[in-house]
Structures are given as C-alpha cells and as structure tokens.
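S.K.: After the structure tokens below, expect a handful of questions from me.
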Amino acid sequence: MTEEHRLISAESVTEGHPDKVCDQISDAILDDLLVQDPSSHVAVETSAATGVFLVFGEVTSKGYCDVQSKVRETLRNIGYTSSEVGLDADSCGVVVAITEQSAEINQGVARLTGDQETAASREERYEAQGAGDQGVMFGYATDETPTLMPLPIYLAHRLAFRLTEVRKSGEVPHLRPDGKTQVTIEYDDNDKPVRLDTVLISTQHDPEVTQDWLAVELKKHVIDPVLDEVLGSKVPHDNYRQLVNPTGSFILGGPAADAGLTGRKIIVDTYGGAAHHGGGAFSGKDPSKVDRSAAYATRWVAKNIVAAGLAHKVEIQIAYAIGVADPVSVNVETFGTEQGVTRGQIAAAVRKVFDLRPAAIIDELDLKRPIYLKTAAYGHFGRTDVEFPWEKTDKVEELKAAIAAE
C-alpha cells in the first residue's frame with residue numbers, strides 16, 4: 001500500500017446481537033401500534049440482560065400492544081428458542097414500564113387533532129406539525145456502489161445478512177444467533193476502492209464446532225458468495241486476510257454474554273463511519289421524531305443528488321427546533337466532487353425540490369406504516385432485500401430541472 005492510499009473499515013452485526021435484539025423489539029412494538037393507529041406517538045426503549053428484558057418509554061396511541069407477547073415473538077423469530085443458545089423466548093423475564101407521552105412535548109407536535117386535522121389543508125397540516133425534538137441529522141450517498149452506499153458498510157451488511165441466512169436455512173449447521181462482521185477496504189488517493197484488505201467474522205456456535213471447520217464453512221458459504229456478488233471483478237479480492245472468531249470459541253452469546261440496549265448501534269445503522277452522525281438513534285421511534293424521519297429524508301435527498309450525477313458523493317446536514325416545522329438549517333457538502341455545477345446550485349435546488357418539514361416528510365415517504373422492524377437489522381440504508389421509500393430516486397429530474405432553471 002502506498003503512502004497516498006488508506007484503509008477504511010466498517011462493521012455490521014447480525015439480528016442476534018444483543019443491541020440489535022433490543023432494536024428489533026422496540027421496532028416490533030412500534031409496528032404493532034402503527035397497524036392499529038398510524039398516528040401513534042411512540043418512543044420505546046428496550047434493555048436486555050441475562051434472561052430478562054426491560055421495555056420502557058412513552059406511548060400515546062389508540063392501539064394496544066401486548067408487549068410481553070411481542071418480545072417473545074421477536075426473540076423466537078431471531079432464533080433464541082432454548083437455554084442452550086443462551087436465551088429461551090418462552091421463559092425469559094419481561095418487565096414493562098411504558099407511560100404516556102409528555103403533554104408538553106405533544107403540544108408542539110400535534111397542534112391539530114380530530115376534526116381540525118381532517119378539515120385542514122395540506123399546507124396547514126405541514127405548518128402545524130413541529131419537530132418532535134431539537135437535533136441535527138445527516139444523510140449521505142456515494143457512487144462507489146450500485147446502492148449508493150459506502151463499500152465497507154455495504155459489504156459488512158451483506159456478510160452479516162448472509163451469515164444469518166445460512167444459520168436459519170441450516171446450510172451451515174451449528175451456528176447460533178449472535179454474530180458480527182467487519183470489512184477493511186483499501187482506497188486510493190482519489191477515494192476509489194481498489195482492494196479488499198480484511199474480512200472478519202465472529203459468530204456464535206455450538207460447543208462441538210472446531211474453529212478450523214468453521215473457517216472453511218464460512219468461507220465457502222458466506223464469504224466467497226458475498227464477495228463474488230458485491231465485488232465481482234470491480235475490486236480485487238484474491239489476496240485478503242480472513243479472520244474468523246480470532247479469540248477462539250464463541251459459544252455463549254446474545255444477552256447472556258453481553259447486555260443489550262436500543263440505539264447502541266447507530267453507526268452500523270447508517271454509513272459505517274463514512275459520514276457524520278447527529279447522535280439520535282432510530283428504533284422504537286415513530287416518524288414524528290425527526291431523529292428518524294429526518295435522517296431518512298436526508299438519505300433520500302443525498303441519494304437523489306448522486307443519482308442525478310450532480311456529485312460523486314454528498315452529505316446533507318439538517319437541524320430542527322422542537323415544535324417548529326421548518327428546519328433551522330440545511331447544509332449540502334459535496335467534498336469537491338460536484339459535476340458541472342456548484343455546491344451552491346445544488347443547495348438551492350434541494351431547497352426548491354424537497355419540503356423537509358416533518359409532516360411533509362411523513363407524507364412524501366409514507367412513514368406512518370408498519371415498516372420499521374425490517375430496518376432494525378442489517379442497516380436502514382442501501383438494502384437490496386427490502387424496499388424502503390427513502391431509497392427511491394424519484395427527484396432526479398426535478399433536481400436537474402431546478403438547476404437548469406437557475
């Protein structure tokens with residue numbers, strides 16, 4: 001590797017990782033409430049320890065969620081079905097401490113209710129719904145992969161997803177739910193990926209498994225298929241370092257080995273460290289929370305900019321004040337990669353094309369639907385196994401037209 005080249009890494013985790021277990025429980029509860037009442041206001045956190053879960057937070061909804069049943073259902077779907085793997089969904093403890101949303105917070109988010117909302121025009125609704133909290137959110141896109149995601153996090157997610165696939169299908173026997181992946185990519189001085197450097201997989205397994213056997217099976221059934229699919233002939237990967245369970249055995253995993261908490265994998269959820277993060281987590285939050293909806297919206301904006309060929313990569317920063325509909329700031333950063341336009345022209349086009357008030361985002365991306373459990377593992381962005389509305393590139397022509405009209 002030359003002095004001008006650099007190594008960039010990103011990690012992912014499987015759905016059986018303790019923090020991801022908590023994310024999925026929180027989003028499963030959110031989805032259940034949105035099915036019954038799309039206007040539910042939800043902020044639900046989950047924490048996990050050995051054999052016990054605490055579900056807590058605030059909910060205002062016309063719906064009802066049987067939290068105990070939802071926790072157990074989620075755990076069973078992940079694969080925690082016996083004490084042998086470290087957790088039995090049917091016998092673990094579940095403690096629930098959920099209260100109503102603060103009236104002071106609600107008054108800035110839901111100024112129109114009932115008949116008022118029904119009678120209001122779209123513009124009145126958009127102005128009436130302020131942000132659910134203050135905060136700064138970021139969205140990012142880059143043309144280094146077809147999904148417009150950074151290659152390290154995209155590849156790490158694909159490996160984690162495939163690891164779970166072969167576990168659940170039995171293609172690789174003796175695997176257990178907990179697992180992590182990490183990828184290191186070499187970039188040249190033009191910020192182009194030029195070589196795969198390292199693939200790391202740590203996976204929980206049955207006691208009878210040897211590490212040598214596991215390394216062979218994972219290379220055959222997980223690593224090689226994913227590398228061929230994602231990298232193909234575009235990025236050399238014939239001489240990389242493979243690490244599988246580098247500390248040795250990994251029998252005890254999940255919440256039995258490490259405590260879990262909702263919102264503790266925010267870099268895994270987003271861009272793997274390639275972009276800034278405002279700090280707000282996603283899971284368990286309904287779309288009135290701009291931590292979630294605005295992060296989705298900024299990804300949507302960024303992806304359309306790159307898809308339109310206006311820049312090779314772009315980061316969007318947006319900020320809100322609680323109870324105020326319009327963003328207090330929107331910033332566009334293209335890192336000097338803009339193509340035939342200025343950064344200022346792109347920023348002006350964004351302001352013209354995208355309405356980034358919370359209610360407008362919710363309407364445009366249709367966010368009051370039960371789509372969130374699927375986001376809670378393997379990344380919220382750049383997915384190929386499921387379609388999310390913030391991944392659509394439906395504003396490409398409008399952006400081009402806005403710039404042409406300047």
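Any Cβ shown, glycine's included, is placed from N, Cα and C.
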S.K.: Quick one: which of Q24, Q101, Q317 does Swiss-Prot put in the L-methionine site with E58, D258, K289?
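M.R.: That L-methionine site, as Swiss-Prot gives it, pairs E58, D258, K289 with Q101.
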S.K.: Say Swiss-Prot lists D178, G179, K180, D258, R264, K265, A281, K285 as binding ATP: which of H5, H17 is in the same site, per that record?
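M.R.: The candidate from H5, H17 that Swiss-Prot ties to ATP along with D178, G179, K180, D258, R264, K265, A281, K285 is H17.
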S.K.: Relative to the Cα of E45 (K(+) binding site), which of the binding-site residues H17, D19, E58, K285 have a Cα no more than 10 Å away?
M.R.: E58, K285
S.K.: Ten-angstrom check, please: count other Cβ atoms within 10 Å of the Cβ of D258 (ATP binding site), all chains counted.
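M.R.: There are 15 such Cβ atoms around D258 (ATP binding site).
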S.K.: Measuring Cα to Cα, how far is E58 (L-methionine binding site) from K285 (ATP binding site) in Å?
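M.R.: Checking the Cα atoms of E58 (L-methionine binding site) and K285 (ATP binding site) gives a distance of 10 Å.
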S.K.: Tell me which of the binding-site residues G179, D258, K289 ends up closest to D19 (Mg(2+) binding site) in space, Cα to Cα.
M.R.: D258
S.K.: Need one number for the L-methionine-binding residues E58, Q101, D258, K289: the maximum pairwise CA distance in Å, whole number please.
M.R.: 30
S.K.: Tell me the Cα distance separating Q101 (L-methionine binding site) from K265 (ATP binding site), rounded to the nearest angstrom.
M.R.: 25
